[in-house]
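Worksheet: one structure, shown below.
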């Protein structure tokens, strides 16, 4: 009898974003005359930039001629892209990461989810609360947890609450984790970690033989000087951290699909007998067996992000979104909402008024202002009473949405 | 302490194709003057066809303008592609598969590997020997086996030998499996299953509450009438089978990346308490949590495969490869090699002479003829003494390779 993976039965409700999609669709179908402004899913709205677009077309054109056609590429990505990433995203910033440490993929959601597969089910995982739901969901799927309690916490996961009280920066966990998910700039709270903060984690991971899974999908949105964009800016991080980065938000690739994982040679994990194993080698074994590389024209497009013109264009798009963030922060603040984030991240984290629950606020904002945001509780129990607005929108929509939210009853 | 998934330690050697790549690179580096002809990895060589290329460009162009830009798409694929697949690949052939049963992905390697995740580790898996190595490797990775014995068999996997004696068509297993991998047209032997043969499996799966994982990646290469191209041509298969298909070989997408899984509504798997669960729902939960959709322009290109012009062009390319297969079959046969496959599949399965071992023959063919094939033993122990030649090559290379192999000492 074909048996299911019963860990799936432990998963609460649907994945957050499909649930938002369902409610929005229901509302839109019932109110075809209302113009819904979507600031829920953190999805970019600006098109690919000209330089990236040209490289994408060039890559497609190569696929149409026998002399330049490419079949299977290296599963871990073409050297031209891995080298462009290592040089521009790391070495140019004084960080010693080699092309060989870069493994290209089709998305950070995939990478942060799939990475669990190379680690045994006996590992204890620490995650922030609230945080991007994929970390917890894939921890459950991979059999590293027990059931979900009524408070929304899965037994076996070490939760690190991020609240108003600690400035949304988690304390070191009281129980020792084996794998620690950190996400900076943070999704959903928009907070960033200072060098000292990250150094604390690197030290902690070293002392405990833990591995940090560092999601830096939003590093391009850091505007303040001195805030680290990579965990490898911290001395010793190469021995304890995997970094996840993506072209999705940086260069508008949410529908184009390209990302990468950085796993330095130095990083080791252990078998139960205490023998050290190269994490990169394990990940490559998974990646080459269960993945077949990113579409060649997409890799060409991604490499163009690092050209001088590409960088200039992409930075302009990032600045456009961050100007949206500024407008939103100021409008929401003026409307009396306590506001966090939005300075070094494209997300504005808002406290609802009068202790309103997140999904109630979601429904209110959708029904009364026809604006879609993300309920904070969807990111974890400590997000209850909060709401995330995304700065990934057109300027006109941002201004209109803020006007409508300001006038909420 | 971060602990590895120790199932990875059970995996024998490297994945077959990287090992071939390593040996070929070593030879090519040492012999820069020799022209190596590659017929090892089953990788297409003909460019994307004009209609597909145009749609690919059109999709890219849409990504460059705000009005037509697409961010995140549905994880399971755009409706336009799912509908084109259901209509053209199934309904047009009288098979009742709905768009809703189609889940689009970036490759069949990914799908046949990842599908294991939704099934518990207590399942017994049956696989043919020899066969595409991903089935066994991902079964091991997902914890459904014990160690690998000296005969090359993992304990816990039910192997179904396919040999000269049974015409490379496996008998029903003596032990009852929960999941059964079948691949027709077969990789590597090039054999196909008749309607009666598949009906036998569907009946067996029904009687045993097993699920058939049917890899139909090569269905486009069937030339003989009456051979089923889909398992759903068999009455009742929707209750017991998942089908995997790909644009890789059919339309030259190995470097472009697009495939799909078919999971009919009717298909159920069970929890240990005996409750039935929708397999499609489980797979969608995995797919929406760990995957973020295929690149939009790639989906546009894939949909163009089903246009009238697209079909005509793609069929011509398939015919080109199958003419290669005919030339190879006849040349190798004339050279005294027992030859199988190559009629309804792009693979020629050759028995070595004098009982030579597969890897020895690989080295001999590489060193003396400078031709790359695939050692049969790489597909499983029963493949020992066999060798796979791929018809995915340019005509001139095929003719030259056959000339060289014919003259082998």
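Count begins at 1; order follows the chain as displayed.
Using N, Cα and C of the backbone, Cβ positions are placed for all residues, glycine too.
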Checklist line | TrEMBL annotation, pyridoxal 5'-phosphate site containing A:72, A:108, A:109, A:132, A:187, A:218, A:246, A:247, A:248, A:257 - matching residue among A:151, A:166, A:275, A:292 | finding: A:292
Note to self: Roughly how many Å lie between the Cα atoms of residue A:72 (pyridoxal 5'-phosphate binding site) and residue A:42 (substrate binding site), rounded to a whole value?
What the structure shows: 32
Checklist line | Distance from residue A:109 (substrate binding site) back to residue A:246 (pyridoxal 5'-phosphate binding site), taken between C-alpha atoms, in Å | finding: 9
Check: Taking the Cα atoms as reference points, how far is residue A:292 (substrate binding site) from residue A:248 (pyridoxal 5'-phosphate binding site) in Å?
Finding: 20
Notebook entry, point to check: Mind pulling out which binding-site residues among A:42, A:72, A:109, A:292, A:388 sit under 8 Å from chain B, Cβ to Cβ?
Noted result: A:72, A:109, A:292
Margin query: If you count other C-beta atoms within 10 angstroms, which of the binding-site residues A:72, A:132 is the most crowded?
Written below: A:132
Notebook entry, point to check: Which binding-site residues (A:42, A:109, A:132, A:187, A:388) fall within 10 Å of residue A:249 (N6-(pyridoxal phosphate)lysine) by Cα distance?
Noted result: A:42
Notebook entry, point to check: So for residue A:187 (substrate binding site), how many other CB atoms are inside 10 Å of its CB?
Noted result: 27
Item checked: Rounded Cα separation (Å) that holds between residue A:187 (substrate binding site) and residue A:248 (pyridoxal 5'-phosphate binding site) -> 14
Checklist line | Assigned conformation of residue A:109 (substrate binding site) - DSSP reduced to three states | finding: helix
